[in-house]
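Encoded as structure tokens, the structure appears first; notes follow it.
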Number of protein chains: 2
Amino acid sequence: MNYQDSAWDPSATLSTSFTLDDLSKASQKFQPTTSETYQTSILKVIGDAHDKGYKRVCMPLTTEKWKKRWSEMCLLPTERSDQDKESAAQAAETWRLNPAFERDEVTITRIDEAENIIVMISDWLELDAADDWVRHDAEIALKQELAYASYLNVHTAILPAPRNRDHVASYARIVNSCLNKSPYIYLSIRLPIYNPSSVFHPGSPISSFHPSSSSAISSPNPGAMPTPALVISESEQVPSTSGGSLNATWEMWDVIRSMCDYNSRLTLTLDLSPALPTTLGVLSKWAAESVRHIFLPSSTFIANMKGYPVLPKPTQQFIRDSMIHRPTIILAEVTEGHHSRGGEAAYSQYVRYLEKTSPAVEASKRTGTVENFAQGYQDYLQAPLQPLMDNLPSVTYQTFEQDPVKYMQYEEAMYRAFLDHPEGEKIVVCVAGAGRGPLIARCFKALERANREATIIAVEKNPNAFVTLQQRQATEWDNKVQLLFGDMRVIQVPEQADILVSELLGSFGDNELSPECLDGAMRFLKSTGISIPSSYTAHLAPLSSSKLYNEARSSKNDKSLETPYVVMFQAVNILSGTKATVDGRCGPQVQECWEFEHPRRDALLNRSGLPFTNSHNARSAKLCFYIPHAGILHGLAGYFEAVLYGNIGLSIHPQRKEQVSKDMLSWFPLFFPFKEPLYLPSNSELHVSIWRLTNDRQVWYEWHAESFILLPASLRAGEELLLGSPGLSPAPSFSLMGAPSPLIDSKEPDISRTATTEVTRMDGELEAVKIGHTSLHNPGGRSSWIGL
Amino acid sequence: MNYQDSAWDPSATLSTSFTLDDLSKASQKFQPTTSETYQTSILKVIGDAHDKGYKRVCMPLTTEKWKKRWSEMCLLPTERSDQDKESAAQAAETWRLNPAFERDEVTITRIDEAENIIVMISDWLELDAADDWVRHDAEIALKQELAYASYLNVHTAILPAPRNRDHVASYARIVNSCLNKSPYIYLSIRLPIYNPSSVFHPGSPISSFHPSSSSAISSPNPGAMPTPALVISESEQVPSTSGGSLNATWEMWDVIRSMCDYNSRLTLTLDLSPALPTTLGVLSKWAAESVRHIFLPSSTFIANMKGYPVLPKPTQQFIRDSMIHRPTIILAEVTEGHHSRGGEAAYSQYVRYLEKTSPAVEASKRTGTVENFAQGYQDYLQAPLQPLMDNLPSVTYQTFEQDPVKYMQYEEAMYRAFLDHPEGEKIVVCVAGAGRGPLIARCFKALERANREATIIAVEKNPNAFVTLQQRQATEWDNKVQLLFGDMRVIQVPEQADILVSELLGSFGDNELSPECLDGAMRFLKSTGISIPSSYTAHLAPLSSSKLYNEARSSKNDKSLETPYVVMFQAVNILSGTKATVDGRCGPQVQECWEFEHPRRDALLNRSGLPFTNSHNARSAKLCFYIPHAGILHGLAGYFEAVLYGNIGLSIHPQRKEQVSKDMLSWFPLFFPFKEPLYLPSNSELHVSIWRLTNDRQVWYEWHAESFILLPASLRAGEELLLGSPGLSPAPSFSLMGAPSPLIDSKEPDISRTATTEVTRMDGELEAVKIGHTSLHNPGGRSSWIGL
């Protein structure tokens with residue numbers, strides 16, 4: 001098992017990581033005269049890493065000297081004279097005016113040293129420090145480092161992890177400013193996969209030494225010298241907002257990514273050092289994010305029975321699942337000998353083993369699977385077909401005719417329907433929308449298998465495909481098919497059919513106007529006749545995907561976020577919980593919107609056998625999803641299921657497709673985007689409204705969502721108590737409270753908080769409280785409609 | 001007290017309201033032959049109403065006949081034969097194809113009858129029915145009524161109130177569709193000010209009789225005949241989401257207004273029938289909405305001691321406060337004799353009395369108030385001045401010099417500063433940015449009052465204003481002032497000053513670059529010298545205003561929602577609670593961001609006496625606001641306070657301006673808009689970050705907000721419990737739950753909801769859970785900056 005001699009086309013890129021210590025040792029050993037290949041010690045260590053099979057090398061950009069100079073200039077010194085302080089302040093101001101490195105403050109100096117290097121920005125820079133001036137000077141230093149890295153043509157810089165939830169907005173603002181200032185470099189936020197407090201050791205808070213200070217927040221411990229763990233601010237020890245929860249680090253990432261407006265040069269370096277939780281739900285959210293690098297130190301590995309390094313089960317599974325996203329895996333501390341067997345190579349070999357055993361990667365390599373068939377189409381947005389308005393080209397028919405499963409299901413459905421007809425009795429079959437004839441061919445096979453005779457009538461409105469039908473009629477079908485050219489909604493047939501077969505379904509079932517077309521074709525059917533398919537349903541689930549959101553809005557068309565797309569999902573996460581809730585408020589993960597049945601019962605028809613209006617094909621649904629883990633709603637995933645005949649069906653429902661029509665290739669799901677990403681907290685509810693609307697000329701969908709959170713009813717009781725009887729209570733006077741003004745003699749403010757005082761008498765009754773909503777999408781079909 | 005003979009320029013428009021009964025009686029009494037003025041009974045009742053002083057008349061558009069026909073076609077009949085049902089279905093389909101009225105189904109038929117009429121759409125139309133097909137046919141009927149009203153040139157139609165929170169999204173979608181379909185008519189949503197369940201009497205739910213029905217939701221009571229109170233759906237009796245709370249009706253309005261994308265033709269008819277709550281907080285939110293009409297039936301009035309109709313105190317106060325928005329007040333049931341004294345006229349006279357005693361209206365009529373001074377500027381967005389970059393025209397100086405309070409404060413500050421100087425000692429005063437000289441004039445007055453002598457130096461960089469200064473020097477000041485032309489950041493002065501006086505403040509304090517300018521002018525000051533102002537602070541509060549949101553985005557410039565504006569607020573509501581919270585998490589209603597002091601202590605300067613960089617003028621603030629009542633965040637209100645000298649100051653802080661500098665006219669607040677309105681639930685927290693940023697050439701602000709809700713910590717405990725030790729627990733298998741598929745033999749789903757099971761063991765500890773955020777606004781100053 002060696003990554004080098006394998007024919008395997010790898011998904012992941014491997015990188016190793018060097019510390020300052022590694023670089024310093026390499027420099028000491030380096031003998032410029034003896035080496036002809038490498039001119040510098042940095043080039044040598046990079047070359048050695050490449051020889052070991054690492055495609056990338058990750059290393060710090062700056063040295064301890066830089067940290068020392070910056071700290072002396074910008075942090076509050078412990079025991080220095082006023083004169084020293086003054087000269088430090090002078091140095092800092094001079095530096096702020098012209099931020100620049102000294103030679104020995106950086107690890108690399110040549111453009112060839114920087115090739116394929118991922119640089120680590122100084123990890124002691126506290127961009128989210130509680131102290132305003134520490135943040136201020138950390139921002140200048142960060143920009144200096146990024147400017148230097150950009151000068152050396154470095155493509156990716158990993159930023160120190162955010163650690164202070166209270167000031168993550170400042171961190172995010174700085175990152176956004178850097179993205180705009182450095183137009184080429186990729187910035188990757190290093191982030192532990194969860195719960196940072198178990199990763200970082202608390203240290204003393206630090207404070208700046210800044211000459212101006214009328215509003216500088218003074219530190220509670222102003223004399224503290226910066227320690228190596230200076231990156232921890234006090235707020236971590238007392239988490240104030242959502243701290244310590246499983247979502248805490250993702251929540252910080254979400255603030256950063258959102259405030260950087262989903263910049264495509266902003267990525268994640270997910271740090272797998274902490275032990276992973278065993279709940280899939282918490283981890284699956286990372287699938288919807290731009291995880292570019294996975295940081296994996298050797299200390300995360302455990303030893304197997306033989307002493308070789310292996311990963312804990314949840315970490316294994318997470319890495320296997322991540323492989324599909326082609327990450328760069330940064331192996332760190334691999335030379336430290338944490339494990340008794342296998343040496344340095346064991347770590348990368350193990351990662352390659354996980355890659356090969358990744359079900360997603362395996363599926364993409366195995367022919368016959370959707371994953372393999374759809375290579376290159378992952379997360380690629382396509383406009384849904386409109387076969388009724390547009391005549392499809394032959395190549396489109398050809399693509400879809402390649403689906404063995406779909407036509408096998410149709411053949412099986414026809415076969416069973418034929419069997420249910422009395423032997424010897426002649427059957428009339430009408431194929432409505434015959435295309436290039438795949439259903440006709442299957443119809444002949446099914447008749448042969450069932451030992452039945454039938455008249456086959458085929459209707460097709462695409463004049464070009466009709467030529468193909470005539471060709472097959474002459475060469476394959478021995479002129480046994482009655483070919484009729486025309487639209488099934490207006491054409492007349494010579495004979496009424498027992499079975500009407502059609503393949504008019506879209507990814508959402510009715511979205512290619514199957515209901516309207518079959519309304520027109522019902523005239524062809526005897527009163528006892530049946531339709532294949534006999535019914536179909538549309539299904540929805542709430543979806544998170546930074547990728548799809550960015551793809552949908554990258555179109556110049558400003559309506560691109562109000563139109564559904566056909567997409568092969570990859571970097572997505574379904575936000576709804578897998579199970580319906582006990583209280584019955586919320587349904588399952590994927591929920592049914594509506595159904596169409598053919599033939600329609602009780603249909604009211606005019607003299608031509610057609611409906612008066614299309615009113616009866618309007619639909620609407622109100623769905624309620626349970627959201628177990630916080631996430632960002634970017635859109636809705638749309639699926640369909642169809643009953644062809646009996647228990648033969650077609651399904652792209654993610655939880656049922658394997659059982660109904662495994663490996664069917666013809667349909668990717670539909671993606672209904674939302675213009676504004678909607679934040680959904682853990683344990684919330686999402687109410688989705690969707691409408692299928694119609695007028696004389698068009699059909700379209702509109703969609704909308706509202707989010708709710710369940711609160712104990714008593715939490716809101718305070719509000720109700722203020723209700724008085726009309727006319728009895730005097731109107732309360734407007735209270736003039738607030739921070740004391742320097743201009744007004746301040747009274748002690750009479751502070752109170754109605755709700756808080758009510759909290760203690762909480763009971764178990766929960767009430768859904770609204771917390772957000774999206775706009776109404778595609779109103780009036782203005783952005784997308786389907787032509788009748 | 002009569003509205004007709006008053007010289008008072010009214011704010012409110014009065015309307016009366018007729019019922020079908022009124023119209024029918026009028027029709028019976030009407031003798032076409034005897035009347036020469038009016039040709040129809042409708043014209044007669046309208047004419048009579050105008051004679052009584054009503055400018056508008058409100059009446060239903062349709063008659064009972066229309067209700068009967070629609071109900072027979074579209075609702076499920078009780079005891080009818082199949083044949084009857086079939087013919088009803090036929091009639092319905094024919095109607096759906098061509099919706100049209102019969103003559104006797106409408107109240108008005110002539111364009112002159114429709115003039116100045118506000119029509120009430122059929123109030124039995126249930127646009128938010130639980131039954132899909134009732135909604136569907138109600139939509140067709142609504143569009144038919146609006147098309148007819150538009151044909152008659154009716155300008156405003158009042159829609160029936162939404163009543164079903166579960167389907168309000170459908171109601172909103174229909175209204176939006178109507179707004180787009182009828183491009184001129186104003187639609188007004190009738191809505192009780194709160195708590196609809198006390199207003200409407202529960203009735204039986206209704207169900208449609210619709211031929212197609214595979215997905216029609218069947219009613220729990222399908223046989224019920226529509227009753228007069230058929231507008232109530234079952235969900236009202238069991239409120240499922242936020243029902244029954246004080247915010248319920250506003251919440252429905254919010255869904256409708258948001259889904260209609262803040263369409264400016266969508267307004268509110270606030271129904272004051274229910275008794276008003278005594279809490280101002282709940283009512284103040286309506287100030288930020290587009291309340292066009294107030295519906296006030298005589299039954300809302302109570303009788304005073306003498307038997308005349310008066311309103312309960314909270315209703316009085318609400319109407320007084322609403323007057324500033326110039327509503328149309330629809331007085332209903334005024335002829336029914338609910339009160340023993342005063343007759344019909346008493347109601348409108350009472351409303352006019354409330355108008356005259358409205359403090360807001362009074363203030364706008366009294367000279368010397370900001371409200372009066374700012375007539376026409378209410379809610380009008382202006383770009384903030386940039387006096388450093390642009391040389392102001394004389395008329396701008398003139399406008400601001402009209403402010404008596406501001407210059408009185410400056411004179412008083414100088415006077416007190418002079419008094420604090422030893423008598424007989426010569427004082428040097430430098431006016432930095434003298435403009436057309438108002439501060440110089442005040443300086444002379446203050447010197448005279450204080451009996452002091454001074455050298456006055458005046459610096460001005462506007463060459464045009466400098467001409468005015470020379471003119472005044474010659475004519476008024478007897479050449480006693482040393483006039484210096486130039487920028488205070490570079491110019492040299494002949495003598496250092498004891499007192500530096502400047503008026504460089506903007507609405508947000510530092511937003512016209514006072515800090516940067518005074519940094520440059522500090523060279524003019526002796527080491528013992530002082531600055532007037534000596535300090536100033538910037539303040540923020542979260543704001544809701546549909547009007548300002550619509551104004552800000554109506555600009556064609558796509559950056560118009562990322563730039564601050566100067567605005568005289570009117571249709572706004574400050575969302576934050578008036579008091580700081582007991583737990584200390586949230587501060588008061590309006591919070592201080594930062595401060596600037598002059599002269600700076602410990603300033604580090606170069607040889608020219610100027611700072612090396614502008615770093616020290618960067619600022620940032622993180623504020624936490626308590627939100628007692630649900631509302632939509634549209635932006636931030638910005639204010640300033642300044643200390644001129646001692647306890648003499650300037651303030652536009654809404655709670656302190658009256659005490660510090662009452663009736664000061666020079667500054668309207670600043671409005672920092674948000675691009676996406678953010679929904680804030682009751683009892684939530686809003687965390688606002690704002691930064692004052694600077695580079696060599698510019699200063700700008702960036703801003704951002706996150707919202708949180710307080711949840712009992714135990715509500716989230718379920719999530720934490722799932723954390724296992726790494727490597728020990730097997731990864732859970734993906735559960736395939738959901739609604740049973742017709743294609744798979746379904747098992748009983750193993751439903752559970754982690755959180756719900758935890759709820760019972762709730763404790764009092766609250767945790768802030770994030771629920772939403774805005775984007776980062778104006779990043780890098782790309783949309784607006786202030787030139788240095």
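The backbone N, Cα and C atoms fix where each Cβ goes, glycine too.
Automated prediction, rather than curation, is the source of TrEMBL annotations.
Per TrEMBL, the feature domain 'PRMT5 TIM barrel' maps to B:53-356. Per-residue pLDDT, averaged over the domain 'PRMT5 TIM barrel' (B:53-356), rounds to 83.
According to TrEMBL, the domain 'PRMT5 arginine-N-methyltransferase' annotation covers B:371-532.
Around B:ASP487 (S-adenosyl-L-methionine binding site), the same-chain residues six or more apart in sequence whose CB sits under 8 Å from its CB are B:LYS461, B:GLY520, listed in sequence order. Residues or ranges marked as S-adenosyl-L-methionine binding site in TrEMBL: B:TYR397, B:LYS406, B:TYR407, B:GLU460, B:ASP487, B:MET488.
As annotated by TrEMBL, site 'Critical for specifying symmetric addition of methyl groups' applies to B:PHE400. Shown in sequence order, B:LYS406, B:SER666 are the residues of the chain, 6+ apart in sequence, with a C-beta less than 8 angstroms from the C-beta of B:PHE400 (site 'Critical for specifying symmetric addition of methyl groups'). Secondary structure at B:PHE400 (site 'Critical for specifying symmetric addition of methyl groups'), taken from DSSP and collapsed to helix, strand or coil, is helix.
Annotation source TrEMBL lists active site, proton donor/acceptor at B:GLU503 (among others). For B:GLU503 (active site, proton donor/acceptor), the count of additional Cβ atoms within 10 Å of its Cβ stands at 24 [all protein chains shown]. In this structure, B:GLU503 (active site, proton donor/acceptor) belongs to neither helix nor strand by DSSP; it is coil.
According to TrEMBL, the feature active site, proton donor/acceptor maps to B:GLU512 (among others). Under the DSSP three-state reduction, B:GLU512 (active site, proton donor/acceptor) is assigned to helix. Taking the Cβ of B:GLU512 (active site, proton donor/acceptor) as reference, residues of its chain lying under 8 Å away and at least six apart in sequence are, in sequence order, B:PRO384, B:LEU385, B:GLN386, B:PRO387, B:LEU388, B:LEU504, B:LEU505, B:GLY506, B:ILE786.
The domain 'PRMT5 oligomerisation' annotation in TrEMBL covers B:535-786.
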* To do: Taking only the Cα atoms, work out how far B:GLU460 (S-adenosyl-L-methionine binding site) lies from B:GLU503 (active site, proton donor/acceptor), in Å, as a whole number.
  => 12
* Which of the binding-site residues B:TYR397, B:TYR407, B:MET488 has its Cα closest in space to the Cα of B:GLU503 (active site, proton donor/acceptor)? -> B:TYR407
* How many neighbouring Cβ atoms, not counting its own, are there within 10 Å of the Cβ of B:LYS406 (S-adenosyl-L-methionine binding site)? -> 23
* Write out the long-range same-chain contacts of B:TYR407 (S-adenosyl-L-methionine binding site), meaning residues 6 or more apart in sequence whose Cβ is under 8 Å from its Cβ. => B:GLU401, B:PRO438, B:LEU439, B:ARG442
* Asked: Per the record, S-adenosyl-L-methionine is bound by B:TYR397, B:LYS406, B:TYR407, B:GLU460, B:ASP487, B:MET488: how many Å separate the farthest pair of Cα atoms?
  -> 24
* Structure fact -> Around the Cβ of B:GLU460 (S-adenosyl-L-methionine binding site), other Cβ atoms within 10 Å, all chains included, total 24
* **Reduced DSSP assignment, B:TYR407 (S-adenosyl-L-methionine binding site)** => helix
* Return the residues near B:MET488 (S-adenosyl-L-methionine binding site), defined as same-chain residues 6+ apart in sequence whose C-beta is under 8 angstroms from its C-beta, sorted by sequence, else 'none'. => B:ALA432, B:GLY433, B:VAL459, B:LYS461, B:CYS517, B:LEU518, B:GLY520, B:ALA521, B:PHE524
* Using Cβ-Cβ distances, find the residues under 8 Å from B:TYR397 (S-adenosyl-L-methionine binding site) that belong to the same chain and are at least 6 apart in sequence, listing them in sequence order. => B:GLY435, B:ARG436, B:ALA465
